[in-house]
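Here TrEMBL flags TYR60 as active site, proton donor. Annotation comment: TrEMBL describes HIS121 as substrate binding site. Sequence annotations record features per position, and here TrEMBL assigns domain 'NADP-dependent oxidoreductase' to 32-221. Per TrEMBL, site 'Lowers pKa of active site Tyr' is recorded for LYS89.
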Amino acid sequence: MSSKEVQKAFTANTCLTLSNGQKIPQIQLGVWESYDEECYNAVKWALEAGYRGIDSAEWYENEAICGRAINEYLTATSTPRSSIFFTTKLRNNVSYSETRSAIKRSLKECNLGYIDLYLIHAPYGGPMIREEIYRAVVDAVKDGEVKGWGVSNYGIRHLQEILDKFPDYPPLVNQIELNPFNTQSHIVEFCRQHNIVLQAYTPLAKSGRFENEVLKEAAGRYEGKGSAEVMIKWGLQEGFVSLPKSVTKSRIVGNLKGSEGWGLEEEDMAKLGGLDEHLVTEWDPTDCP
Ligand SMILES: NC(=O)c1ccc[n+]([C@@H]2O[C@H](COP(=O)([O-])OP(=O)(O)OC[C@H]3O[C@@H](n4cnc5c(N)ncnc54)[C@H](OP(=O)(O)O)[C@@H]3O)[C@@H](O)[C@H]2O)c1
């Protein structure tokens with residue numbers, strides 16, 4: 001089956017399988033820079049629309065409000081906890097013990113019983129700190145606080161380091177900035193070779209390239225689709241987990257529903273892949289020492 005045909009079957013329940021066997025929803029709501037009631041509503045609307053995953057972080061200071069919205073949804077709809085996938089991330093790369101404490105804090109904040117996926121947010125700190133904090137995450141997995149483990153913003157050198165030191169616990173995911181304007185193909189290729197699932201953050205390039213002609217032309221070839229739908233679909237069709245963020249109900253719903261029932265032609269995938277300009281919207285620590 002072509003990747004376009006596979007995509008036609010995409011729904012909110014579509015999952016990828018991580019190398020530990022865990023299923024991860026392929027589209028999830030991102031909640032960076034959304035706080036308090038705004039964040040609560042975004043998560044609630046997303047779950048009601050059918051999203052099964054929420055991507056938070058200690059840094060975002062919204063683990064508690066995400067957890068509240070998830071728990072209320074679970075109770076109101078008699079949905080089991082196991083149906084929702086919650087990710088959070090380590091803010092500061094300090095030490096083994098501080099990482100263990102941070103994970104316990106996150107667990108308490110979200111109040112979800114366990115964390116589905118715990119990521120080291122960035123590779124800062126140098127090789128020794130990276131090893132220490134990764135070991136802390138692995139031990140949290142062994143203790144049942146965390147089910148899945150991984151990294152974010154790791155470049156090839158950082159990934160290789162972890163693969164060498166932790167052959168029994170290779171990172172399950174690497175969450176990096178990925179959209180047609182920042183394809184990071186060298187990291188993508190390395191992750192594919194090592195069975196590390198890529199999570200595409202900033203899949204919409206923070207809405208800053210919607211007027212691009214190639215993007216608009218591609219969108220024009222699919223009925224009812226716009227630049228946002230095409231950008232998300234490009235990532236899904238590449239096999240990434242997509243994490244579009246919105247606090248606007250119509251966009252939250254549209255980003256999910258607009259991903260269902262269609263796929264991009266290979267020709268459009270290639271044209272979109274050619275838009276790479278290494279657009280960094282926020283930070284790029286993938287090359288830090
Ligand atoms: N690991 C990391 O270092 C890292 C870094 C950045 C992001 N992330 C994760 O990735 C998620 C997404 O990235 P992001 O928040 O940077 O950017 P993004 O998802 O590329 O773009 C979000 C922006 O696009 C707007 N938007 C969303 N859907 C739209 C639509 N259909 N039409 C028009 N505008 C739309 C949103 O506006 P409204 O909200 O006003 O609707 C918001 O301003 C984050 O929330 C976070 O979970 C991770």
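Here the Cβ of each residue, glycine as well, is placed from N, Cα and C on the backbone.
TYR60 (active site, proton donor) carries a helical DSSP state (H, G or I). For HIS121 (substrate binding site), the Cβ neighbour count at a 10 Å cut-off comes to 20, with all displayed protein chains included. In the three-state DSSP scheme, LYS89 (site 'Lowers pKa of active site Tyr') falls into the strand class.
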